[in-house]
Amino acid sequence: MGKTFIVRAQYLLTMNKKDEVIENGALVVEDGRIKDVGEFTEILKKYKDPSIPVYGNSYSALMPGFINTHTHAAMVLFRGIADDLPLKQWLTEHIWPKEAKFLSPEFVHDGTSLACIEMLKSGTTTFNDMYFFTEAIAQAAKKLGIRAVVGQGVLDFPTASGKGADDYLAKAKEFIEKYKSDELILPAVAPHAIYTCSRETLLKSKELALKNNVPIHIHLSETFHEVEECLKNNGKRPVKYLKNIGFLEGRITAAHSVWLDDEEIDIMAERNIGVSHCIESNLKLSSGIAPVAKMIKKGVKVSMGTDGAASNNNLDLLEEISIAAKVQKGITADPTVLDVKTCMKMLTIWAAESLGVEKEIGSIETGKRADLVLMNLRKPHLQPVYDIYSTIIYSAKASDIEDVFVNGILVILNGRHQFIDEDELIDKAIWWAERIRNS
């Protein structure tokens with residue numbers, strides 16, 4: 001950091017409270033933060049030093065980096081290993097047995113690294129991760145230059161990474177202490193789900209998060225079976241159960257939230273619980289379709305997650321949001337729901353608010369971190385442009401992302417990572433696949 005530069009574009013989408021779009025806009029970055037925003041001609045008048053680099057051009061769109069609010073990055077190494085199965089069978093017969101055999105810091109580091117480069121190249125600058133061996137996740141993210149909210153997975157049973165709930169919580173506490181002041185890594189506590197965590201474990205997770213002012217990340221009501229089990233075991237639906245035991249406090253991102261009734265949605269809105277909508281994973285596993293339009297109407301902050309690439313099978317938020325918008329229009333028979341501006345908010349500022357980092361990222365405003373994405377609009381499938389939001393949400397592809405900045409550092413230039421050998425990461429993935437395939 002310490003570098004000053006200008007980024008210009010034909011369209012600058014601020015995602016501020018006024019949803020301002022500046023045509024022929026530009027911004028100035030200094031010491032990793034946005035120093036100034038305005039029209040390109042005015043910016044050039046104010047910053048006349050010819051040595052200041054200028055990125056972008058007159059045929060691009062500049063926007064805040066996308067935020068993936070639910071994923072398991074390292075699971076990219078299980079991409080395509082088991083498809084076309086219901087969630088429970090997919091987990092118990094394929095994913096969990098493979099994790100038991102291969103889960104290690106090396107596996108997590110290599111998988112996370114591959115996921116990070118996939119996310120960066122598709123415009124994601126921050127991801128909210130729930131997994132194990134958090135040190136390996138953090139090191140991979142920092143090496144790749146991406147921002148990450150890293151949640152230590154918490155379960156009641158042992159895995160290759162821990163002996164049980166108290167062990168996972170101790171690891172979470174240690175990780176929080178180490179990374180609480182890091183510029184790229186935000187620690188979190190991630191109790192896996194109601195069906196894998198006891199009441200005591202859920203409450204201990206919440207207390208640890210509240211004490212350290214870090215986010216909570218949990219799977220919630222992903223399948224109807226999960227709701228039935230909660231009713232059977234606890235006498236209440238999942239959201240009502242969590243409210244009843246006193247869990248719903250702090251900054252919570254609830255992944256999936258597919259099977260919520262109206263009362264549960266009201267509770268989510270009341271308690272300011274963020275929802276990470278993972279439409280592709282939910283569709284592929286036949287888990288159901290979350291009532292996103294209804295949630296948004298009732299004031300729930302909904303953002304987008306990809307889930308892990310093992311169930312998606314990619315980490316492309318542009319694809320995710322386009323499908324989400326169309327599915328909601330279809331199931332509600334209302335073409336006005338999830339309009340293109342709402343969709344952009346779900347990728348950016350609403351996601352930041354869900355994670356409690358809206359003062360730092362999520363919009364292009366002075367003082368915020370320079371997490372930025374430049375999209376090349378000079379493509380046949382992106383022209384003509386009448387509404388830039390529409391072009392991005394309904395027409396753009398991950399491959400249209402050309403340049404990506406994180407924390408004021410140019411990480412992706414012309415679609416290539418600037419300081420990592422992509423081929424090396426691909427070769428490692430192939431090596432892991434051979435081991436897993438032959439096991």
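Note: Cβ is positioned from N, Cα and C throughout, glycine not excepted.
Cross-referencing HIS219, HIS225 against the Zn(2+) binding annotation in Swiss-Prot, which names HIS70, HIS72, ASP307, picks out HIS219. Listed in chain order, the residues near the Zn(2+) site other than HIS70, HIS72, HIS219, ASP307 are THR71, MET130, ALA255, HIS256, SER276, CYS278, SER281, GLY305, GLY308, each with its Cβ within 8 Å of the site Cβ centroid. Using Cα positions, the member of the binding-site residues HIS70, HIS72, HIS219, ASP307 nearest to GLU99 (substrate binding site) is identified as HIS72. In sequence order, MET130, GLY153, VAL154, LEU155, ILE218, HIS219 are the residues of the chain that are 6 or more apart from HIS192 (substrate binding site) and have a CB within less than 8 Å of its CB. Look at GLU99 (substrate binding site): DSSP puts it in a helix. HIS70 (Zn(2+) binding site) and GLU222 (substrate binding site) are 13 Å apart (CA-CA, integer value).
Of all Cβ atoms in the shown protein chains, 26 besides its own fall within 10 Å of the Cβ of GLU222 (substrate binding site).
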